[in-house]
Amino acid sequence: MGLTKQYLRYVASAVFGLIGSQKGNIVFVTLRGEKGRYVAVPACEHVFIWDLRKGEKILILQGLKQEVTCLCPSPDGLHLAVGYDDGSIRIFSLLSGEGNVTFNGHKAGITTLKYDQLGGRLASGSKDTDVIVWDVINESGLYRLKGHKDAITQALFLREKNLLVTSGKDTVVKWWDLDTQHCFKTMVGHRTEVWGLVLVSEEKRLITGASDSELRAWDITYLQEIEDLEEPKPKKIKGSSPGIQDTLETEDGTLEMDEAPEDRILSCRKAGSIMREGRDRVVNLAVDKTGRILACHGTDSVLELFCILSKEEIHKKMDKKMKKARKKAKLNSCKGEEEDPEINVEMTLQDEIQRVTNIKTSAKIKSFDLIHSPQGELKAVFLLQNNLVELYSFNPSLPTPQPVRTNRITIGGHRSDVRTLSFSSDNIAVLSASADSVKIWNRSTLQCIRTMTCEYALCSFFVPGDRQVIIGTKTGKLQLYDLASGNLLETIDAHDGALWSMSLSPDQRGFVTGGADKAVKFWDFELVKDENSTQKRLSVKQTRTLQLDEDVLYVSYSPNQKLLAVSLLDCTVKIFYVDTLKFFLSLYGHKLPVICMDISYDGALIATGSADRNVKIWGLDFGDCHKSLFAHDDSVMYLQFVPKSHLFFTAGKDHKIKQWDADRFEHIQTLEGHHQEIWCLAVSPSGDYVVSSSHDKSLRLWERTREPLILEEEREMEREAEYEESVAKEDQPAVPGETQGDSYFAGKKTIETVKAAERIMEAIELYREETAKMKEHKAICKAAGKEVREVSLMVLILPLQPSAYVLEIFKGIRSSELEESLLVLPFSYVPDILKLFNEFMQLGSDVELICRCLFFLLRIHFGQITSNQMLVPVIEKLRETTISKVSQVRDVIGFNMAGLDYLKRECEAKSEVMFFADATSHLEEKKRKRKKREKLILTLT
């Protein structure tokens with residue numbers, strides 16, 4: 001067999017042109033000790049950290065494949081929790097930018113993430129209707145809370161009590177007691193989806209936002225507090241006759257029947273509604289850290305801000321109202337009307353929550369975040385729909401605060417989708433053009449070096465020499481720009497309809513354009529005298545026109561400039577001679593119009609891509625179809641040959657870029673990365689780079705490596721990836737005592753957990769073999785009466801005892817995947833594991849890890865372990881050693897805690913001394929300065 005044809009692999013190099021993607025939320029993050037300067041923004045699968053002051057991207061938190069849907073910074077500001085579209089959560093360190101912890105538990109995209117007050121627990125809500133509480137420190141799932149019937153929209157921990165409150169699209173708000181992991185209250189006062197909720201007024205009030213223009217407020221009364229206020233009652237006996245104890249008098253005097261008295265923790269009563277100005281649904285509802293400013297926005301560009309008044313402010317307001325009412329009553333009595341003996345002023349919700357101001361942004365708001373600056377200003381940062389970040393600040397303490405836009409990040413991306421891309425002839429500059437602007441990027445640094453306003457661009461190219469660019473627009477105009485100055489040199493009305501395509505002539509003296517006015521026009525470059533200067537400038541003049549019967553969608557010159565290929569709306573491609581404009585060939589076979597095409601460097605082949613999802617390869621000599629390839633799952637949007645080869649790239653609406661071999665008709669590789677339809681791509685003149693643009697607003701750069709790509713291996717890798725995906729989608733292992741479809745555990749089966757279980761099984765089998773060999777060796781030594789040298793494979797591989805090797809394998813499993821790995825382990829391995837655990841416990845090695853594994857195995861295999869007579873003595877020994885070893889560990893931790901407390905006290909005492917020392921030195925300095933000043937005055941006088 002001869003050598004297979006060698007291809008070179010293209011890999012993803014960078015994502016640029018994107019400021020923030022729409023699916024996730026923007027958050028302020030603390031970096032280098034500074035608050036309010038840096039924001040984290042979702043950017044497809046990555047997270048970008050932007051410096052608002054400089055408008056620069058300073059850190060990229062690298063994602064894998066899935067889009068980011070949710071961000072939440074930890075209370076200490078050191079970490080950022082990132083939720084993805086596939087239900088996974090990663091926790092990144094903001095110091096190093098690495099994602100060390102991964103949680104897999106949800107089956108669908110993450111919709112909300114919230115840390116508790118200390119940052120030790122993380123609650124995640126998902127489209128799969130589950131809420132999972134994760135232990136961040138132990139890197140494991142604690143429990144799964146099931147009960148909602150639709151996607152979760154918000155989850156909040158309470159500060160003082162171990163409770164969680166969640167809202168969902170199923171119109172309910174649920175309260176969960178985290179001690180028992182049960183829902184103890186469901187609020188059903190909403191008629192539509194609950195899109196957001198916040199806790200205010202020291203967690204005594206809940207405010208919810210739904211699909212209407214009302215923000216509903218609910219008063220929360222904690223029942224323990226009510227019982228404390230009343231006289232002490234005799235202790236209730238469980239099962240006693242339900243009487244007055246089971247009812248609770250609410251604030252409006254009515255008796256409210258609740259659940260059994262043991263289940264009741266709090267009661268909620270609707271306090272009223274605040275009307276928003278927006279008529280549509282609430283998209284985001286949030287409160288600042290102080291709990292004083294409440295902000296919400298709908299699907300428009302207005303953020304509404306409300307102020308939640310403190311008790312003192314409310315008292316002052318009510319006193320004013322009372323005075324007004326008394327004045328009015330006095331006036332009425334003067335007029336002869338009867339004076340009302342009792343003047344009542346009712347407090348309404350509007351007295352407690354006041355409207356402050358509105359912030360109007362330049363485009364629709366997708367998400368926002370609030371932060372207080374040390375100067376007392378409130379900063380609001382917005383991620384907008386048109387790939388833009390804006391920062392506003394205002395002083396909420398002023399009577400009429402005026403929000404001011406202080407910063408915006410615009411230069412790093414287009415406001416709308418990029419419709420055309422081009423490379424300069426030296427492979428260094430990349431042109432991208434959208435509905436309103438043309439941008440020139442440096443390929444190596446990915447910095448935007450020029451931005452020029454234009455009309456809706458459809459096609460473009462660099463004029464030979466790379467000093468000017470020409471853009472074809474939707475209105476049929478040609479726009480000529482000078483790159484050095486960034487000026488628009490000339491606008492020419494070229495076509496009556498959209499100018500769909502342009503092709504530079506191989507001799508570089510002119511170009512051809514095709515438009516929706518059924519005409520193909522030929523243009524030549526020329527130098528004309530510039531009115532503003534003495535030098536001549538570049539211009540274009542039309543030389544010929546070819547009139548056709550259908551709209552022209554694409555035009556392409558052959559490399560020898562003899563032929564011109566024209567794609568028409570009637571699904572055919574017509575080939576004409578360039579010199580005489582006579583018809584040469586018609587390529588027909590596509591069922592839908594040909595959107596894109598390209599001719600190979602030697603003029604032998606033409607490849608056409610169509611909206612019918614097929615790519616056809618034709619010979620240009622006779623117009624025969626060599627092959628029809630089913631290329632994409634949706635329309636083929638762009639097609640281009642790699643220079644000096646018969647390889648070509650296609651881009652489709654199915655979010656994929658594919659490389660093909662036009663000689664062998666083979667699919668070489670797929671470049672996956674975009675999350676929406678791909679509009680266009682450009683291959684660099686050297687063939688080393690490909691740049692692509694998509695509806696997800698991102699531009700992606702792909703780079704050719706020196707790594708050879710072998711097709712058989714590529715197909716094998718694709719099959720493996722498919723298998724791994726199917727493994728993760730298989731049914732979860734059944735646990736005795738659980739109903740099917742009810743997953744008690746927080747984790748889920750993934751390919752990593754399956755691999756971890758396989759590693760444990762291999763280690764146990766190796767341990768079995770080695771122990772058997774050791775016994776055999778001892779028997780041989782005994783029979784021979786002397787020590788016989790043994791060569792063990794284990795000793796050659798690892799200088800460890802077999803049991804120690806097993807422990808190393810357990811230590812190597814990620815904390816978040818441990819339970820799921822043990823869950824898929826067959827029971828036949830459990831007896832050996834329990835015996836080994838007994839050994840480890842007696843040695844006192846990794847007590848916490850061993851206990852965690854042991855308790856989990858006992859929980860899931862309880863029936864089989866207890867019925868196995870062989871394991872009874874092992875379990876007995878384990879019970880004794882576990883209790884003693886755990887108490888030892890507890891004592892060590894207690895001792896360490898006491899030691900740390902002592903050190904803390906010592907440090908505090910020292911810092912106080914330092915503080916006083918600093919204060920006295922400061923005072924001395926002041927005195928010295930004063931004396932100096934007095935001396936100066938004396939000398940002057």
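These residue numbers are counts, starting from 1, taken along the chain as shown.
Using N, Cα and C of the backbone, Cβ positions are placed for all residues, glycine too.
Caution: TrEMBL annotation is automatic and unverified by curators.
Within the same chain, residues 21, 23-31, 35, 40, 42-49, 108-115, 117-119, 122, 124, 126, 128, 134, 136, 139, 672-673, 675, 748, 814, 816 sit at least 6 positions outside the repeat 'WD' (61-102) and bring their C-beta atoms closer than 8 Å to a C-beta of that stretch. TrEMBL lists 61-102 (among others) with the feature repeat 'WD'.
With DSSP classes pooled into helix, strand and coil, the tally for the repeat 'WD' (103-144) is 0 helix, 24 strand, 18 coil. The annotation repeat 'WD' is assigned in TrEMBL to 103-144 (among others).
Among residues of the same chain six or more beyond the repeat 'WD' (145-186), those with a C-beta under 8 A of the stretch's C-beta atoms are 108, 111-112, 114-117, 121, 123-133, 192-199, 203, 206, 208, 210, 222, 259, 263-266, 268, 285, 742. Summarising the annotation, TrEMBL assigns repeat 'WD' to 145-186 (among others).
Residues of the repeat 'WD' (187-228) grouped by DSSP class, helix first, strand second and coil last, total 6 helix, 20 strand, 16 coil. The repeat 'WD' annotation in TrEMBL covers 187-228 (among others).
Taken from TrEMBL, the feature repeat 'WD' covers 411-451 (among others). Summarised as a single figure, the pLDDT of the repeat 'WD' (411-451) averages 94.
Among the features that TrEMBL reports, repeat 'WD' is placed at 492-526 (among others). Using DSSP to sort the residues of the repeat 'WD' (492-526) gives these counts of helix, strand and coil: 0 helix, 22 strand, 13 coil.
Broken down with DSSP, the repeat 'WD' (587-628) shows 0 helix, 23 strand, 19 coil. Annotation comment: TrEMBL describes 587-628 (among others) as repeat 'WD'.
Per TrEMBL, repeat 'WD' is recorded for 629-670 (among others). Residue counts for the repeat 'WD' (629-670) under DSSP, split into helix (H, G, I), strand (E, B) and coil, are 0 helix, 25 strand, 17 coil.
Marked as repeat 'WD' by TrEMBL: 671-703 (among others). Sequence-distant contacts of the repeat 'WD' (671-703), counting only residues of its own chain at least 6 positions beyond either end whose CB sits under 8 Å from a CB of the stretch, comprise 10-18, 21, 43-45, 65, 67, 387, 413-414, 417-423, 425-427, 430, 432, 441, 443, 446, 634, 637-638, 640-645, 649, 651-653, 655-659.
What TrEMBL lists as domain 'Small-subunit processome Utp12' is 803-905.
If you look at the repeat 'WD' (411-451), the same-chain residues 6 or more away from its ends with a CB under 8 A from one of its CBs are 14, 16-19, 55, 57, 363, 386-388, 457-462, 464, 466, 469, 471, 481, 483, 486, 679-686, 688-689, 691-695, 697, 699, 701.
Listed by sequence, the residues of this chain that lie at least six past the ends of the repeat 'WD' (587-628) yet keep a Cβ under 8 A from its Cβ atoms are 553-554, 556-560, 562-563, 565, 567-575, 634-641, 643-646, 648, 650, 652, 660, 662, 665. Taking Cβ pairs closer than 8 Å, the repeat 'WD' (629-670) reaches residues 5, 7, 9-10, 592, 595-601, 605, 607-611, 613-617, 676-683, 685-687, 690, 692, 694, 702, 709, 711, 714 in its own chain, all 6 or more past its ends.
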